[in-house]
Amino acid sequence: MRGGHKGGRCACPRVIRKVLAKCGCCFARGGRESYSIAGSEGSISASAASGLAAPSGPSSGLSSGPCSPGPPGPVSGLRRWLDHSKHCLSVETEADSGQAGPYENWMLEPALATGEELPELTLLTTLLEGPGDKTQPPEEETLSQAPESEEEQKKKALERSMYVLSELVETEKMYVDDLGQIVEGYMATMAAQGVPESLRGRDRIVFGNIQQIYEWHRDYFLQELQRCLKDPDWLAQLFIKHERRLHMYVVYCQNKPKSEHVVSEFGDSYFEELRQQLGHRLQLNDLLIKPVQRIMKYQLLLKDFLKYYNRAGMDTADLEQAVEVMCFVPKRCNDMMTLGRLRGFEGKLTAQGKLLGQDTFWVTEPEAGGLLSSRGRERRVFLFEQIIIFSEALGGGVRGGTQPGYVYKNSIKVSCLGLEGNLQGDPCRFALTSRGPEGGIQRYVLQAADPAISQAWIKHVAQILESQRDFLNALQSPIEYQRRESQTNSLGRPRGPGVGSPGRIQLGDQAQGSTHTPINGSLPSLLLSPKGEVARALLPLDKQALGDIPQAPHDSPPVSPTPKTPPCQARLAKLDEDEL
């Protein structure tokens, strides 16, 4: 076959052949013609440009009629030539005898024989594309578009916020359906058919207060969210208003580790049979985790709604408060789930006040005789309002759970607590001291991995001790305390040095000077002093804390003590008012 492609040559002629072969009108049946593509300038040789190229055989398959388009231009020549080919080749000429054949006998003669350079692929693309076919680059297209007006941007942001709100409502419907599978499925079936003897009395642990959560969302909260579709401004008030009601999620999460343990015992037998009987796709454990996931999801959706609502130029003050609420409640839920995995503590954790913080420290604990151990141990430390608990993390989950568990090791009551900060100038180290009923001192040295963690704990512990100190001072001298508070408020400045400042709490040399003089050193006297001696026991503390305070006039009316509560503790107390 003529013009066959030889190995090692450029593939450009083959590309041209494939493109031209798709247009059957360009060739007469049985005709053969040789085309030669020019070099880098993009022009076409005379054999192709004229439309009546020199024939490859003794007679031409095409006649040089007046319909020939003539030599095309350097860029769009090939396209113009293709556009006129159908008209030019409409009259089929006589083919040489024995030369006629199907389209597969066509062959384009490469220009390699003439020594001409073949064009690059980019040039071929330019030839095949007409000047009107070129697509504008994205950058130029973006620049050419007129920037959106501020009103259009706000409109789009508002539309996106409504999309987030719609997603919130739709996912709420799905959430209620999932809770219904538990309450109207598992719980109703177990109540009707009874439970195995080994599970009797423990079925309430499995479900906790999930029925209460389900009924509230089904009968009230879902309808309120649907109302927000017509009145989006109501969304923020909805979450702020029901902050206390959302405390039921904290109760549920506190019970969740116990529920996981019971379900793990019966999940492969009894609960699996119930699932097949009810025809549910999800297992019971997958449904029981839905409330935990949902309380986290509210936070994410509210943040997205706040972002777009703010871009739309709407008032977002209430929304920011709602986001703050829904960031706080999930944190409390997570804390309660962690506490549910604490084992070995004799007493009720719920009676120790709110969990204010938890972190992992390298702790040097006291041994027999009050001396510090020669080596430290890794401990998970929990800070409550009334107690500090030291625990050891277990390698695996507790009683079949997937999350890490903790075993109680030691504790310090806040009423016996003292604080020493920045030991030996190290911002990562501080000490907590505990005074026993017989006056003995136990000292725990804590070292954090990050100075920020250590300083945060020093601040939180100091704040607790300061609040307790103020409360005791108010009990001992309510008139003087009230007068001091009135003077502070009238001057419009904070009441004394801030938490962790040298004026209130000596975290430097004074704290290191006497390891047996904790900041709250006089508090244990409340446990030992008989009635009537409390005031005398607290007198040194009162003088140290309050200094020289002017005496109140004798005719001053008695004022009841009003110890202040930090805002964060006030919010915690608000959540703890259980109206469920």
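All residue numbers here begin at 1 and follow the chain in the order shown.
The backbone N, Cα and C atoms fix where each Cβ goes, and this holds for glycine too.
As recorded in Swiss-Prot, the features of this protein are as follows:
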REGION    48-76  region 'Disordered'
COMPBIAS  48-67  compositional bias 'Low complexity'
REGION    128-157  region 'Disordered'
DOMAIN    160-336  domain 'DH'
REGION    278-299  region 'Important for binding to Rho GTPases'
DOMAIN    348-466  domain 'PH'
REGION    467-493  region 'Sufficient to bind activated GNAQ'
REGION    482-524  region 'Disordered'
COMPBIAS  509-520  compositional bias 'Polar residues'
REGION    545-580  region 'Disordered'
COMPBIAS  555-566  compositional bias 'Pro residues'
Positions whose Cβ lies under 8 angstroms from the region 'Important for binding to Rho GTPases' (278-299), at least six residues beyond its ends: 171, 175, 178-179, 181-182, 185-186, 189, 206-207, 210, 213, 239, 246, 249, 252-253, 256, 259-260, 263, 267, 271-272, 323, 326-327, 329-330, 333, 337
Per-region confidence, the region 'Sufficient to bind activated GNAQ' (467-493) (mean pLDDT, whole number): 73
Residue counts (helix, strand, coil, in that order) that DSSP gives for the region 'Important for binding to Rho GTPases' (278-299): 16 helix, 0 strand, 6 coil
